[in-house]
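Asker: Take a look at what Swiss-Prot says about it:
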ACT_SITE  155  active site, proton acceptor
BINDING   159  NAD(+) binding site
MOD_RES   350  N6-acetyllysine
TRANSMEM  288-308  transmembrane segment
């Protein structure tokens, strides 16, 4: 079906931008609509300088604004929904996270039905599967195994419920009598250039004499490069649009990983930044069980102080578990159904990310030098 169009929500974000960069290379695509609450001026400029004949329409609007979503969805063939509030420490109020991640997704699904959009791809997260306990080991898990987060924390809960809504919407009747087909992708922890998590970590290290904070040394994870996650979304869009593949993709979820070596989060951070003189904190750290119970104690303190003071602990049991579990998943189902193979190798991903970290270090070299004196 030539002349198709795609709406990408959260398009100003870390992953959304990469999806757009790959989308404009797609065959027969006539328009990409990019939606976010606010676009930075440099992001707008990048979209307009993509060097493509494909129309790129920039829309600013709120995922909770139903009228905005209906306008954004008019005439669209595929929606790729990446907009989300990622918050594992409770910076934002619980209701705000639920509104954006769950209600926003429900609003967008309804807008698709009203505008007769036939394909919907949801960017979920591995967090919807757990880990529920740092004591339970899951290595090379897959979709045929039942893994579901039992946390009530707003981020994993909202993403889990939103994914359920997306998959339940598969087969919905559209306003024009057509059928809505949906699928969900569950990426592992995403790293790469412009990662907001890596940015925060590097800047914190530069203010601490180049010492990287140790937060996940007990973990075994399989992080995934942002370019490969973006590629998986492109393949999912192709899959839902291809009559031969669509039957196998509809209503399915897929773990998205790549060939990045399985390692701890701390080892990944060190590998990506060691070239620039950063190193892991070698001082003594609390044993994991003690750290977990300390997090529980801080949560109790926060609960009792809440009526009079908004105390937010820097870590909680969910974050301790997330950062210190042995929890990895295979991408074989995505390979089988979507034809997914990592577009970027580990060596290339490592080099690109490390070079970007180098630019961050260079920008803040004065801070590092001052701290080192």
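Using N, Cα and C of the backbone, Cβ positions are placed for all residues, glycine too.
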Asker: For the transmembrane segment (288-308), what are the same-chain contacts with Cβ under 8 Å, counting residues 6+ beyond its ends?
Answerer: 134, 218, 315-317, 319-321, 324
Asker: Quick one, of the recorded positions 159, 350, which Cβ has the fewest other Cβ within 10 Å?
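Answerer: If we count Cβ atoms within 10 Å for the recorded positions 159, 350, the smallest count is at 350.
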Asker: Residue 155 (active site, proton acceptor) to the residue listed as 'N6-acetyllysine': how many Å between their Cα atoms?
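Answerer: Rounded to a whole number, the Cα-Cα distance is 28 Å.
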Asker: Count the other Cβ atoms sitting within 10 Å of the Cβ of residue 155 (active site, proton acceptor), across every protein chain shown.
Answerer: 27
